[in-house]
Amino acid sequence: MAITKQHLIPLFAISFLLFFQLHCSTTSAQAPAQSPAPPGPPDVTKILQKAGQYSVFVRLLKSTQVSDRLIGELKDTDDGKTIFAPTDKAFSALKSGALNSLNDEQRVQLVLFHVIPSYIPLSQFQTVSNPMRTQAGDSGDGEFPLNVTSSGNTVVLKTGLTKTSVSDTIYTDGQLAVYRVDQVLQPLQVFAARSSALAPAPGMSRKAADVDGKSKASSLAMQNLALFVVSVIAFALSL
């Protein structure tokens with residue numbers, strides 16, 4: 001049977017479709033499968049927000065931009081981080097106005113004093129050397145000392161102004177450990193300096209300071225009275 005032009009058109013179309021399907025199948029088989037993007041570093045603020053009762057510390061982390069700094073450092077280093085997170089109740093136990101009276105630099109120092117620049121599992125605190133280094137500054141100069149004692153799973157933290165213990169593990173993943181503490185860790189550099197500025201002079205009680213002030217005021221009044229009397233007598237003699 002002779003193949004006419006009308007028979008060739010359907011055969012050509014079918015051949016083209018078969019070739020196209022074979023080509024697409026080969027290309028799909030050769031294309032490498034895309035691996036999923038690696039997960040980003042953990043966000044401390046989201047971890048604490050999920051845990052609840054850490055709103056003050058979360059606000060400090062954000063306002064000082066320490067939260068962004070932690071994400072960047074967790075991404076760029078393998079050392080990890082350890083964070084002691086005070087509860088809202090811990091902040092409410094501070095002296096009235098203590099937190100609001102801190103300047104921006106002191107707020108950053110306070111937050112970083114709760115951050116250790118390495119990942120420490122709860123069972124490894126007994127191997128830590130004292131004073132423990134925090135990200136607030138050098139612990140050896142007496143400004144930011146943080147001492148730790150450990151017995152089993154009991155970890156006690158001392159700053160010279162604060163003594164508290166780790167009461168719970170909020171989060172741990174081998175890179176980041178976040179522990180709950182029931183008191184704010186008060187660094188000497190920040191809070192001892194404020195106490196010294198507000199305290200009366202050495203060797204003088206508040207009552208003694210008040211008496212001394214009244215005595216000085218009385219002496220000044222007597223001097224003014226004497227000057228007034230002398231002025232009156234001089235004016236009378238000049239008449």
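Keep in mind that glycine also has a Cβ here, set from the backbone N, Cα and C atoms.
The domain 'FAS1' annotation in TrEMBL covers 41-185. Annotation source TrEMBL lists signal peptide at 1-29.
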Q. For the domain 'FAS1' (41-185), what are the DSSP-based totals of helix, strand and coil residues?
A. 48 helix, 36 strand, 61 coil
Q: For the domain 'FAS1' (41-185), would you mind checking the mean pLDDT of the predicted model?
A: 93
